[in-house]
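Enquirer: Dumping the structure here so I can ask a few things about it.
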């Protein structure tokens, strides 16, 4: 059975990828975001879910969302980015610049529920990653509340926003995504996931690292970048 990682284990795996295996942050982010786009395309085809609101947070999870937006655009979707607190670092500025030159729309204000329902078919939740600890900060409350209340399907990147990485939902009102894309390996909170689709993405974990942490990851079929758990 595939291993579900604690918060500390997820951090340690990431640090070993960076420090021991010499992966760069942007290298892993590109692979993670690309795998998210592939998982979304498998579950939500463009003919029914072409208009996508991608909600990006300030850290690596948000970076994954920016990469995902670019690849979804190349796949024929019409992504719109909501990025309430951009990170002032070259990596994130470059990702934002790429999206701008790809003519991907960006909204400055969180859409109201009715506005979101009229303008979008799907929401991608790329706000918080496995380093998140509740409660949600003030600048993200509006978008988290939108995702909690909307009837649109939601695809969460690695961790559903607002969830505790190990305990899962903190409150009964916390969002319930339709698709969860676990990156590298699923986190403990994913055991509480009740949505329709659970995918694994991030096909970059070296065999030795898999053995060290007993990840027991399933084998990706052929040239697939994601697989259904």
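Cβ atoms are placed via backbone N, Cα and C, with glycine included.
Under the heading (6S)-NADPHX binding site, Swiss-Prot lists 60, 61, 62, 63, 64, 129, 130, 131, 132, 133, 134, 135, 158. The K(+) binding site annotation in Swiss-Prot covers 61, 125, 161 and rests on sequence analysis. Annotation comment: Swiss-Prot describes 10-217 as domain 'YjeF N-terminal', evidence class sequence analysis.
Surface or core, plus neighbours and distances: that's what I need for these features.
Expert: Counting every protein chain shown, the Cβ of residue 60 ((6S)-NADPHX binding site) has 24 other Cβ atoms within 10 Å.
The Cβ neighbour count for residue 161 (K(+) binding site), using a 10 Å radius and every protein chain shown, is 25.
Across the domain 'YjeF N-terminal' (10-217), the model assigns an average pLDDT of 95.
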Enquirer: Does DSSP put residue 125 (K(+) binding site) in a helix, in a strand, or in coil?
Expert: strand
Enquirer: If one measures from the C-alpha of residue 130 ((6S)-NADPHX binding site) to the C-alpha of residue 161 (K(+) binding site), what distance in angstrom results, rounded to a whole number?
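Expert: Each residue's Cα considered, residue 130 ((6S)-NADPHX binding site) and residue 161 (K(+) binding site) end up 10 Å apart.
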Enquirer: For the recorded K(+) site, enumerate neighbouring residues of the same chain (Cβ within 8 Å of the Cβ centroid of 61, 125, 161, site residues themselves excluded), in sequence order.
Expert: 55, 57, 65, 126, 127, 128, 129, 156, 157, 158, 159, 160
